[in-house]
Amino acid sequence: MTEANLHIWKAQELYFLRMQRDKVRMEKTKSEDEYQCKRKLRVCVATCNRADYSKLAPIMFGIKTNPDEFDLEVVVLGSHLIDDYGNTFRMIEQDDFDISSKLHTIVRGEDEAAMVESVGLALVKLPDVLQRLRPDILVIHGDRFDALALATAAALMNIRILHLEGGEVSGTIDDSIRHSISKLAHYHACCTRRAEQHLIAMCEDHSRILLAGCPSYDKLLSSNHRDDYMDIIKSWLGDQVKECDYIVALQHPVTTDIQHSVKIYGLMLDALVSFNKKTLILFPNIDAGSKEMVRVMRKKGIEQHPNFRAVKHIPFEQFIQLVSHAGCMIGNSSCGVREAGAFGTPVINLGTRQTGRETGENVLHVRDADTQNKIYHALELQFGKRYPCSKIYGDGNAVPRILKFLRTIDLDEPLQKTFCFPPVKDCISQDIDHILETQSALAIDLGGTNLRVAIVSMRGKIVKKYNLPNPKNREDRMQLILKMCADAMRDSVSLNCRILGVGVSTGGRVNPQEGVVLHSTKLIQEWSSVDLRTPISDALHLPVWVDNDGNCAALAERKFGIGGGIIHHNELIHGSTFCAAELGHIMVSLDGPECSCGSRGCIEAYASGMALQKEAKRLHDEDLLMVEGMDMKLTETITAAHLINAARLGNNKADAVLNKASTALGVGIINILHMVNPSLVILSGILASYYQAPVQHIISERALISTQNIKVVTSELEEPALLGAASMVLDYATRRLY
């Protein structure tokens, strides 16, 4: 064989070996896939007592009749294994179910501590059983403390849980236990549409909720018309009893109010004795308080009374016949408000144990069962009646739905359950950017005519503003301030604003260190030596800053505008007696007009809106204001705007007033330029645009050469007083936080 042929032969050999190996691998993968496809779902059903077995048994029979799809494991615990409660595990064996494990988990005592200890004992024993059985899914029913132990153990051991009857509402601790199990469970089979909605409201995944109906109804609706029902009734109550002429009584403790539930139990027994009808009474369940209830029953001699038959357990099929044909059922068992409705049996529900349950018209509630007479009267009303059959809890097809639901469970899906939380409209983030974005201030502008309050954001946006006339007297004014602030605080929550504090802008001389108005202007009467900080801070529980409105405007310009005011190292200059930066009260004439501060010749007395309004009114009164082209109604209030309009239309008198005002303002500003040499002059207010050009002209003519080129601009801020009040808060409060 040549060397070339040898290479070809070796290559062919390697090719066939590779093909054979790939074939084996493919066959192995195929067999594994077939195994996975054919793999049966290992379902563990855990039952704790006679009541939950009645709901679980139909599912267990359904699983057992489908051996190609399911492997059934049965775990029995709780009161099933207690002799005093009938050793009811035997009925599970009589139903031909193989019990995989029996766990003695009940600590006797029938009190609250015993219930807790029973849960703990179950949690100690369950891990070994679940580890040995290794179920794919654990089926748990209801709201018993035993079931809570099962759900806790399974959840911690990464075993999927199917919870039956979640989402329902009733009284006692059962509600809390039921909802806790629902939060641990991965899948839900609920009985009513309302229960389904409750689970969705609890943020459970809608795709994992099955509206199945109650499994016990599958048996109830198919077997409640047995021909031998009278034989069953007579076997339990004697040969003399007639159909619909006896009572079934079943009362359990209310664990959240044991003493009261024991009292109701005694009243029920007294009423039944007085009612004088054959009564089948079942012992209460093992909840805390049952021992006291049994003691009451024995003290009253119920077990020896000829009208009573007291029993610990009745097989479910026979219990169905007894309830179905009873003249009345009384107590607080869930059977009364659920299963009895399927037969139209009249029911008297005592106390609060089933509060919130959906019930048919066959149920008469005696929630305040505080007297024997009230219960007796309820018996008179209900006994012997028949009601339409109710299918609130099921239509007889729950088991097929549950089996179909089990078939859809994908074991490859992530075990970690997810919750479907509703969308939150305004999600509050706790990162620093969001906190800075939502920080806001409450600003108060205390004017002579109006009182204004605003919510102002960190960026200087007025989120919401409130405006009301300013009361004349001191007490009413303060009350209005507090009310408007309270309204703003309430609105700030819905507006997602974090209020850091309150800033108050007011006219006059202010001590900002104490938050006190020392002396106000004549526009705000009775407003001297007024402590603004204390009452506002006490009412709102927030820090409060107070300052003069001029200073506030300067702060607003520095923070939100272009810049200005007498501010040194980011701090307002207040002076030793808090008179600094009263720029409006710079005197430009010794014998000028009277000012609101009490002096004469101030800039404010010449150039303020009030001063111009006063001059306009004087000219109008002398018939010197109106000129051709002006349109003004007789009832219209005279303002500074009329004066400006008249000057523009050629009124020499109006023009002279405005020239004098502009000159006074210009001279005052020149004095400021010569004292502090600012880089910019900002005029704010409604007259700023009118004064800008004249003031710039006066500065260029009369100021020192070094200041003649300083530019005069108008403020772009719409609300300098409010923004200034807010800037105090936003500057000082955030300085403390960050």
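In case you wondered, yes, glycine gets a Cβ from its N, Cα and C as well.
Features reported for this protein in TrEMBL:
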type	residues	note
DOMAIN	68-406	domain 'UDP-N-acetylglucosamine 2-epimerase'
ACT_SITE	D549	active site
BINDING	H585, C595, C597, C602	Zn(2+) binding site
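Least crowded of the binding-site residues (H585, C602), judged by neighbouring Cβ atoms within 10 Å of its own Cβ: H585. For the pair formed by C595 (Zn(2+) binding site) and D549 (active site), distance between Cα atoms is given as 17 Å, rounded to the nearest Å. There are 18 other CB atoms within 10 A of the CB of C597 (Zn(2+) binding site), with all protein chains counted. Straight-line distance linking the Cα atoms of C602 (Zn(2+) binding site) and D549 (active site), rounded to a whole number, equals 17 Å. The domain 'UDP-N-acetylglucosamine 2-epimerase' (68-406) scores a mean pLDDT of 91 in the predicted structure. Cα of D549 (active site) to Cα of H585 (Zn(2+) binding site): a distance of 13 Å.
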